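Asks: According to TrEMBL, the protein carries these features:
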type: ACT_SITE; residues: 11; note: active site, charge relay system
type: ACT_SITE; residues: 58; note: active site, charge relay system
type: BINDING; residues: 58, 59, 160, 177, 228, 229, 255; note: urate binding site
type: ACT_SITE; residues: 257; note: active site, charge relay system
Ligand SMILES: O=c1[nH]c(=O)c2[nH]c(=O)[nH]c2[nH]1
């Protein structure tokens, strides 16, 4: 007999906007998020026997996302995600785990004539702040925070040579190339016992996000990069050092290639090697380099 070996369901792409109005100053602060919330538990009968009695309707899940946004803080997003995920396992005995992903979109306060505007904002880039919180009955709350879609480029200060050469290799070695990527970084917090523990850690979440973003940009800019691998490892190391509550840091970095263009066919124009100025950005294929770096000794962690 086949059986349901794994199942989760819920609502995805729930768009939420919340405004905070400071009555004393008149300054408003806005948050815009896209939320995904998926439940796991004793729900197999809904698949195998059309038993809807175990189904918390995805519409109710959506309603809960909005009610929690109204009744709790949505900032830092780690606290909102943890509050939402633990709600489902506390409210429904047959739901054993709730996976909540919150993607926060940028609304950066406008600066008008050198003064921060009290209620006007701009979308300065498609970079997102991400949080995934999973409340698992009896196992506390796992929180992973991250950055997605932070697009960066350096026009020099990146090399790639000494790589394995064999009968499949055509790539020339380079000591000076363009390096560009869309940063996808995740830092994983030591597990929290409950929502109160997450709330207690609240100030650390913004600090960690700021540190991770700053480290990412600084390493990217300042590292004399031997490869994407070597540069991303340094970023992970620095984040582990800066954020004591984090035990694992992951990066996933596309290597977005910019190809040199030989224009010598037109009146002998020199545009390669040291004369290269005009390049062709590639939309694909791209390299994709991933790693996770963990606190502690190598042999203590079998996961690679
Ligand atoms: O930084 C790099 N890492 C690679 O693994 C790789 N492979 C490749 O073709 N170019 C690069 N660049």
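Yeah, the Cβs are placed from backbone N, Cα and C, and that goes for glycine too.
I'd like these features described in context: how deep, what's nearby, how far apart.
Replies: Look at residue 11 (active site, charge relay system): DSSP puts it in a strand. Cβ neighbours within 10 Å of residue 11 (active site, charge relay system), excluding its own Cβ and spanning all shown chains: 19.
For the recorded site, residue 58 (active site, charge relay system), the DSSP three-state label reads helix.
The Cβ neighbour count for residue 228 (urate binding site), using a 10 Å radius over every protein chain in view, is 21.
Residue 257 (active site, charge relay system) is surrounded by 18 other CB atoms, counting those within 10 A of its CB over all protein chains shown. In the three-state DSSP scheme, residue 257 (active site, charge relay system) falls into the coil class.
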Asks: Within 10 Å of its Cβ, which one of these recorded positions (58, 229, 255) has the largest number of other Cβ atoms?
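Replies: Sorting the candidates by Cβ neighbours within 10 Å, the top entry is 255.
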Asks: What's the CA-CA gap between residue 11 (active site, charge relay system) and residue 228 (urate binding site) in angstrom, rounded?
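Replies: Checking the Cα atoms of residue 11 (active site, charge relay system) and residue 228 (urate binding site) gives a distance of 36 Å.
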Asks: Within the set 59, 160, 228, which binding-site residues show a CB-to-ligand 1 distance under 6 A?
Replies: 160, 228
Asks: Can you tell me whether DSSP puts residue 177 (urate binding site) in helix, strand or coil?
Replies: coil
